[in-house]
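Enquirer: Take a look at what TrEMBL says about it:
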type	residues	note
COMPBIAS	572-585	compositional bias 'Polar residues'
REGION	572-619	region 'Disordered'
TRANSMEM	6-27	transmembrane segment
TRANSMEM	47-66	transmembrane segment
TRANSMEM	78-101	transmembrane segment
TRANSMEM	122-143	transmembrane segment
TRANSMEM	155-175	transmembrane segment
TRANSMEM	187-205	transmembrane segment
TRANSMEM	233-252	transmembrane segment
TRANSMEM	273-296	transmembrane segment
TRANSMEM	333-356	transmembrane segment
TRANSMEM	376-396	transmembrane segment
TRANSMEM	402-427	transmembrane segment
TRANSMEM	434-455	transmembrane segment
Amino acid sequence: MHFTTPDYVIFALLLVASTCIGLFYALSGGRQRTTQEFLLADRSMSCLPVSLSLLATFQSAVAILGAPSEIYTYGTQYWFLGVSYFLGLLIPAHVFIPVFYRLRLTSAYEYLELRFNKTVRIMGTVTFIFQMVIYMGVVLYAPALALNAVTGFDLWGAVLAMGLVCTLYTTLGGLKAVIWTDVFQTIVMFAGQLAVIIVGAHQAGGIGEVWRKAMNGSRIATLDLNPDPTERHTFWTLGVGGVFLMLALYGVNQAQVQRYLSSRTEREAVMSCYVVFPCQQVVLCLGCLMGLVMFARYGEESPLDKGYVKTNDQMVLYFVMDVFRDLPGLPGLFVACLFSGALSTISSAFNSLATVTMEDLIKPYCPAMTEAKATLLSKGLALAYGLVCLAMAYLASLMGSVLQAAFSIFGMVGGPLLGLFCLGMFFPWANSTGAIVGLVAGLAMAFWIGIGNFVSRMAVPTPLLPIINSTTMPLPGNMTTAVMTTLITSIKPTGVQALYNLSYLWYSAHNSTTVVIVGLIVSLLTGPMKEKDLTPGTVYPVLGNLLFFLPERYREKLCCVTPLSHKPKAINTQPYQVAQESNGVAQHKEEEKTEEEDEERATPQPSCRLAHTVQETAL
């Protein structure tokens, strides 16, 4: 089974179209002459493109390859992950987005300096860069390797084509190009998956026949209420543990936060989160359906068992080539779908890495840098990270089975970063010392479990699970699955071994909780932070209501007597103003105010642009 000319043409059209979108935004509008346009799209994006970009950013090629394999092998239990999407998107919409948007940030890690200090900000930034650089090469190389193994498509030709095209349109067109190519690539992804499902179901005798075979093959799972955290997939691991994975992705990850901040208004940023919810459900259903169609075609004798492919990630491509063998062009459409997932993920990584490097590591130390130089340097950073991605893809090709260790590194980082942001946002008395020690403790715990899991599995004389395991989770979920899924054995692990076998869906929750607990203990021991020292707007004021049962003197020590945002304080960020709305929620406004809004503000603003008077009520 090999590519035909129509397949190559369709695949090439995907790359050409993505490049043209980048060129369009490089030559139109502001022509990417400012950092605000290059990194934040001039904060001018509407709800729909932002929401589709949010979806595409972590709907990687790994998920497209892994989801059907998961359903084919284990059944539809994974579908219950959709339960976690509700809270996983509702909390970012009403907690994280308002805080980030009203502070007028460019990098999510600016928040850490406003809440704690510069050291915490740099630690968060370096941690994020570490995880994304390692993952970029993997997400580029893995689909190219699968494609090469099944179709004979040139391996390094695919890697270079994707890497260079992605680097080109990201460097030329900035965030606008990244978001609009994500929109285009999302449409291609849906088209490719739908084509496989429709043709495959028709060849299997229709959807009814597919469902009947899946029922007979025990692939339609029922609700599993087993509370054991070492069980790979149960309702509790999927529905509760999955919430923490979603929060790490859609709450505090720079790639997603940057899209929220590019929205025209806070309302549109919140709405984009709501639009993602049904889109994620559709993606989950498509993965389930494709897996069920695969089972209807092959039954219990999978291409992997027959030796046609070597790993699960290659099985989906084999199925696609098998289904489309007499339909020239459609294999090319699915491969375009597959590589769209890779392109959207990689371009988002380039742009977010350039942003945090510029805003967190360069600008604070070069305050006199002109806007023109800053923009040029941002483009240079995007280009440099593109070249680093190609280098990482080459290293990934040399790592062999150690790729699982690289995957685990990505999963080890999302949880501790989530814990760091939660520590600052929900606990007013947490101080910078607690944040630093908590993050270090969370990372240490994550690496201990991850490396221990990897080493213990290497010592087990049973075949290791495939490099790319099955999951429809976005980026970190995919990566963690590859490492944290437990071996299916008859012996129940105990002690430390049980910790190593923790389900990957509890992994983010475990590590983020470690950061919060250690951070709070250290903060209390080293002197809780005082209310007067807090930057207004950096703490979500919820504890005052939750701790109503405590005596006032204790709540006062915990900074929970009055809403923290009532205290005005100067902040070293871009000018912003907050007006008090009639519903009691402080809404962020642009600098251009109408005369009527100015009259309604309780306290007039000073004329100096560097002064920031904050008037907020408890959310």
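Backbone N, Cα and C define each Cβ position, glycine as well.
Could you give the neighbours, burial and distances for every feature on this list?
Expert: Distant neighbours of the transmembrane segment (6-27): 161-162, 165-166, 168-174, 176-177, 180-181, 184-185, 188, 328-329, 331-333, 335-336, 339-340, 343; these residues of the same chain sit at least 6 beyond its ends, with a Cβ under 8 Å from one of its Cβ atoms.
Long-range contacts of the transmembrane segment (78-101) within the same chain: residues 67, 70-71, 108, 111, 221, 223, 233, 235, 238-243, 245-247, 249-252, 256-257, 260-261, 263, 266, 269-270, 273-274, 276-277, 280-281, 284-285, 288, 421, 425, 470-473, 537-538, 540, 588, 619, each at least 6 residues beyond the stretch ends and with a Cβ under 8 Å from a Cβ of the stretch.
Same-chain neighbours of the transmembrane segment (122-143): 60-62, 65, 107, 109, 112, 158-159, 162-163, 254, 313, 338-339, 341-342, 345-346, 349-350, 352-353, 356-357, 360-361, 385, 388-397, 403, 406-407, 409-410, 412-414, 416-417, 420, 436, 439, 443, 467-468, 475, 479, counting only residues six or more beyond its ends whose CB sits under 8 Å from a CB of the stretch.
Through the fold, the transmembrane segment (155-175) approaches residues 15, 18-19, 21-26, 32, 37-41, 140-141, 143-145, 147-148, 181, 258, 262, 339, 342-343, 346-347, 350-351, 379, 382-383, 386-387, 389-390, 393 of its own chain, all at least 6 residues removed from its boundaries and within a Cβ separation under 8 Å.
Within its own chain, the transmembrane segment (273-296) is flanked in space by residues 47-48, 51-52, 54-55, 59, 63-64, 67-72, 76, 78-79, 81-82, 85-86, 89-90, 92-93, 97, 190, 193-194, 196-197, 200-201, 204-205, 209-211, 213-214, 217, 219, 250, 260, 315-316, 319, 470, 472, which lie at least six positions past its ends and keep a Cβ under 8 Å from the stretch.
Distant neighbours of the transmembrane segment (376-396): 32, 35, 38-39, 133-134, 136-138, 140-142, 144, 159-160, 163-164, 166-167, 170-172, 174, 346, 349-351, 353-355, 357-358, 362, 369, 403, 406; these residues of the same chain sit at least 6 beyond its ends, with a Cβ under 8 Å from one of its Cβ atoms.
Counting residues 6+ beyond its ends, the transmembrane segment (434-455) has Cβ neighbours under 8 Å at 112, 116, 119-120, 123-124, 127, 404-405, 408-409, 411-413, 415-417, 419-420, 423-424, 483-484, 496, 499-502, 507, 510-512, 514-524, 526 in the same chain.
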